[in-house]
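Structure, as structure tokens:
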Amino acid sequence: MFQASKTHLDELQLKRLEEMCIVIDKQDQIIGADTKKNCHLMENINKGLLHRAFSVVLFNMKNELLVQQRADAKYTFPGHFTDSCSSHPLYVPEELEEKDALGVRRAALRRLQAELGISQDQISIKDIIFMTRKYHKCQSDAIWGEHEIGYLLLVRKDLMLNPDTREVRRCCYMSQKDVQELLDREARGEEKITPWFRSMVEDFLFSWWPHLEDVSSFVEPDKIYGL
């Protein structure tokens, strides 16, 4: 069944399935490592396998949010609209560092470059604000799913983009009104949105949006929502 479920994956996505994710408990304490494939198989998720992840919400200086549509070759939620960049820190020393979420923020820099072509001479660790954490569990299809504690990271900066079409079908900046209209279209069955993006928008982004010039009052690094 797994073999049949990966026929839409390209060489890049198949290679990434062998990357080592950080396995955690529900307090976000590291307890080991496992492959990205194993972490996203529903048979393992249903046994409790949980890993660390992150989502970046990237705003330009006009306070528009970069929304991407995931490539059709993605193993979970292909073709769905979602946040600016979401992925996983890897089980490597530089991405395991927990002080100030440095490891996760380094992983975000890596994936912003890989997915969106944002070179690291444009953006630094200091540009990435660790806002809070959110637990989520969702099923993509009979084989694949997500079971993560995601670090919510915020960037507000004008950046040059060069998306990798193997990762991103398309992306565009949206106003708060545009995002609400996207959610409304999804509710009518006209669009597909990842479950974590919908909950992120409704639980956090609409509250943060009017305060993007200074989000310090919303920073909750010790909190894990959704548990």
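Going from the start of the chain as shown, residues are counted 1 onward.
Backbone N, Cα and C atoms are what each Cβ position is placed from, and that goes for glycine too.
Among the features that Swiss-Prot reports, active site is placed at S86 (among others), with the record citing similarity to another entry. According to DSSP, S86 (active site) sits within a strand segment.
Residues or ranges marked as active site by Swiss-Prot on the basis of similarity to another entry: E148 (among others). Close to E148 (active site) in the fold, though at least 6 residues off in sequence, lie L50, H51, R52, A53, H88, Y135, H136, K137, each with a CB less than 8 Å from its CB.
The substrate binding site annotation in Swiss-Prot covers K36, R70, K74, S87. Sequence-distant neighbours of S87 (substrate binding site): residues of the same chain at least 6 apart with a C-beta under 8 Å from its C-beta are A53, F54, A107, A108, R111, E115.
Annotation source Swiss-Prot lists Mg(2+) binding site at H40, H51, E146, E148. According to DSSP, E148 (active site) is assigned to a strand segment.
Under the heading domain 'Nudix hydrolase', Swiss-Prot lists 49-199.
Sequence-distant contacts of E146 (Mg(2+) binding site), defined by Cβ-Cβ distance under 8 angstroms and a gap of at least six in the same chain, are H40, I45, A53, T76, H136, K137, C138, S140, P195, W196. Take K36, R70, K74, S87, the residues named in the record as contacts for substrate: the widest Cα to Cα gap among them comes to 17 Å. Distance between Cα atoms for R70 (substrate binding site) and S86 (active site): 10 Å, as a whole number.
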